[in-house]
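A.B. asks: Pasting a structure here, questions to come.
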Amino acid sequence: MQGVPGFNTVPNPNHYDKSIVLDIKPLRSLKPVFPNGNQGPPFVGCPPFGPSSSEYSSFFPFGAQQPTHDTPDLNQTQNTPIPSFVPPLRSYRTPTKTNGPSSSSGTKRGVGRPKGTTSVKKKEKKTVANEPNLDVQVVKKFSSDFDSGISAAEREDGNAYLVSSVLMRFDAVRRRLSQVEFTKSATSKAAGTLMSNGVRTNMKKRVGTVPGIEVGDIFFSRIEMCLVGLHMQTMAGIDYIISKAGSDEESLATSIVSSGRYEGEAQDPESLIYSGQGGNADKNRQASDQKLERGNLALENSLRKGNGVRVVRGEEDAASKTGKIYIYDGLYSISESWVEKGKSGCNTFKYKLVRQPGQPPAFGFWKSVQKWKEGLTTRPGLILPDLTSGAESKPVSLVNDVDEDKGPAYFTYTSSLKYSETFKLTQPVIGCSCSGSCSPGNHNCSCIRKNDGDLPYLNGVILVSRRPVIYECGPTCPCHASCKNRVIQTGLKSRLEVFKTRNRGWGLRSWDSLRAGSFICEYAGEVKDNGNLRGNQEEDAYVFDTSRVFNSFKWNYEPELVDEDPSTEVPEEFNLPSPLLISAKKFGNVARFMNHSCSPNVFWQPVIREGNGESVIHIAFFAMRHIPPMAELTYDYGISPTSEARDESLLHGQRTCLCGSEQCRGSFG
């Protein structure tokens with residue numbers, strides 16, 4: 001019909017209406033079809049082989065909880081109760097027992113919906129939230145029946161589980177958009193998508209701490225902080241609320257982000273000199289005096305009231321040329337304010353903030369690690385600067401500041417697997433024919449086709465999605481060693497440290513911040529026959545066993561949030577031809593020091609690559625969520641299934657668990 005915009009109507013660029021969303025099917029939603037012959041066939045056993053002896057080097061050993069502070073309750077609204085279901089896990093969901101009735105209303109729970117949310121809500125029109133300075137793209141309206149799994153009350157007041165879930169779902173969508181669109185706008189587009197679909201929490205502005213966010217948590221964009229309520233401004237450095245006292249209204253500062261790029265901002269971990277907002281010169285205006293309004297006025301009022309202000313410190317991201325990492329450094333008190341002339345000659349407001357006592361170190365830890373890396377100070381308790389003796393691409397420190405132990409028991413360090421039995425494809429392995437590097441979207445690459453048409457990594461280090469198995473390029477592939485599909489075979493990407501724990505032996509942590517999906521290491525050792533290790537408790541302490549029962553969790557993106565057919569969702573269950581058993585007692589790498597946790601921050605992923613005409617399985621570890629420096633790296637060891645306990649809920653491990661998590665199941669192994 002004339003005058004009615006249809007599917008083939010070309011809009012007038014001078015009269016563009018953003019309320020009209022074109023129904024255009026993107027190319028990334030079309031799944032390519034490849035011949036069955038290019039798909040990887042099943043595996044069978046084949047004769048053993050192992051790495052050369054040059055890969056090994058011998059290693060010889062040489063002869064609290066944050067208190068709660070009472071703060072004035074200055075929050076604007078208090079009538080929304082915090083949900084009673086507050087799982088403490090910040091990494092992934094596990095099955096929980098509920099006393100209430102199970103949902104039987106027939107309402108479909110959306111993918112990634114937090115368990116425990118069974119309320120049925122009326123369908124409501126979803127729009128992008130009206131956030132100040134929010135730079136998000138116009139996104140396509142999704143189906144009105146999409147269920148975010150987050151109730152209205154949970155959007156106002158969150159908890160640790162909801163914060164973890166929102167951040168995990170956001171980053172999963174961001175990774176997928178980056179994988180298929182190859183643009184830098186994936187972050188803002190992912191944020192707009194989640195906001196328009198109600199995937200967020202802690203929307204109620206508040207003074208003081210934010211439920212579910214801990215001191216030391218790190219973020220890789222301001223939008224992440226906005227989604228979980230830590231700092232609602234995506235551009236402005238000062239966030240505030242309007243507090244009502246009778247008929248009077250008064251603004252109070254809730255949080256600030258210190259980017260470290262303004263003159264006078266101190267780098268002291270216990271105090272901060274913060275510059276006010278406004279008055280900056282740009283292409284449309286000259287510099288001017290700052291005014292006592294908006295955020296500046298809110299900081300002045302908070303100085304007078306004495307309320308705590310959340311402080312987020314921004315630091316350069318070493319892995320990105322332009323990116324930043326934001327560290328939540330806890331609550332600060334404003335001690336004084338003044339006005340001084342800036343470099344432009346205009347008046348600038350200055351505020352001194354002092355960190356409140358009794359909080360765990362966050363930014364202070366960050367600055368200490370920077371000094372260790374630069375060689376300005378020596379790591380306390382350092383035993384060896386590199387226990388790998390050069391076997392890894394990066395040194396791995398050995399540290400003990402707990403007792404007099406000088407090192408772990410003797411073992412030979414190796415950076416890869418030693419196979420006594422290998423897995424072989426029933427058909428010959430076919431490598432790619434790429435020159436230089438395998439490119440995203442190149443469907444002529446056989447290695448990419450094995451990964452269902454996608455390059456599994458971003459920037460050669462970040463895993464996009466968990467898969468039944470991932471295929472990497474092998475020796476017969478002509479692509480060079482820096483190919484983005486050669487990740488686990490190129491060694492460590494982060495500076496790691498083996499350290500002595502207080503009650504669990506030796507552990508592993510990183511000096512670098514780890515973004516969700518970051519490759520950490522593979523599990524190196526000797527591949528063993530199941531029958532030779534069963535019952536050997538001493539050797540079992542250094543065994544990785546794929547046949548164990550592991551807690552399930554959701555990590556991948558939700559297809560509905562990236563405009564993909566739900567039937568194309570990538571399965572997260574691993575698909576191995578037979579159980580893989582690796583012993584790291586005699587031969588191993590840093591992975592042998594990773595402790596178990598029932599609430600881990602690391603997960604494992606099978607990776608296959610060709611070697612000498614055979615397809616060999618490797619076990620790679622990736623960050624489950626953003627991990628700050630000096631946080632212990634842990635994964636789920638699983639529980640060995642027994643004939644007496646077929647029901648997973650009745651499984652009991654061989655060793656007592658000391659992870660200390662509130663979700664601790666009591667045993668593992």
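Each Cβ is built from the backbone N, Cα and C atoms, and glycine gets one as well.
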A.B. asks: Which of these, Cys438, Cys445, does Swiss-Prot say binds Zn(2+) 3 at the same site as Cys473, Cys479, Cys483?
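C.D. replies: Answer, per Swiss-Prot (Zn(2+) 3 site with Cys473, Cys479, Cys483), from Cys438, Cys445: Cys438.
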A.B. asks: In Swiss-Prot, one of 108-120, 121-133 is tagged DNA-binding region. Which stretch would that be?
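C.D. replies: Swiss-Prot lists DNA-binding region for residues 108-120.
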A.B. asks: Whose Cβ lies within 8 Å of the mean position of the Cβ atoms of Cys432, Cys447, Cys473, Cys477, the Zn(2+) 2 site, other than those residues?
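C.D. replies: Apart from Cys432, Cys447, Cys473, Cys477, the close residues are Gly431, Cys434, Cys438, Cys445, Ser446, Glu472, Gly474, Cys479, Cys483, Asn485.
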A.B. asks: Fill in the CA-CA distance, Cys477 (Zn(2+) 2 binding site) to Trp506 (S-adenosyl-L-methionine binding site), as an integer in Å.
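C.D. replies: Given the Cα positions, Cys477 (Zn(2+) 2 binding site) is 39 Å from Trp506 (S-adenosyl-L-methionine binding site).
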A.B. asks: Would you list the DSSP helix, strand and coil counts for the residues of the domain 'YDG' (208-355)?
C.D. replies: 18 helix, 63 strand, 67 coil
A.B. asks: From the DSSP assignment alone, can you count helix, strand and coil residues within the domain 'SET' (494-638)?
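C.D. replies: Split into helix, strand and coil, the domain 'SET' (494-638) gives 19 helix, 54 strand, 72 coil.
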A.B. asks: Sorted by position, what residues of the same chain at least six away from Cys438 (Zn(2+) 1 binding site) have a C-beta under 8 A from it?
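C.D. replies: Looking at Cβ-Cβ distances below 8 Å from Cys438 (Zn(2+) 1 binding site), excluding near sequence neighbours, one finds Cys432, Cys445, Cys447, Ile448, Leu455, Cys473, Cys477, Cys479, Cys483, Lys484, Asn485.
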A.B. asks: What three-state class does DSSP give Cys447 (Zn(2+) 2 binding site)?
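C.D. replies: For Cys447 (Zn(2+) 2 binding site) - judged by DSSP and reduced to three states - the answer is helix.
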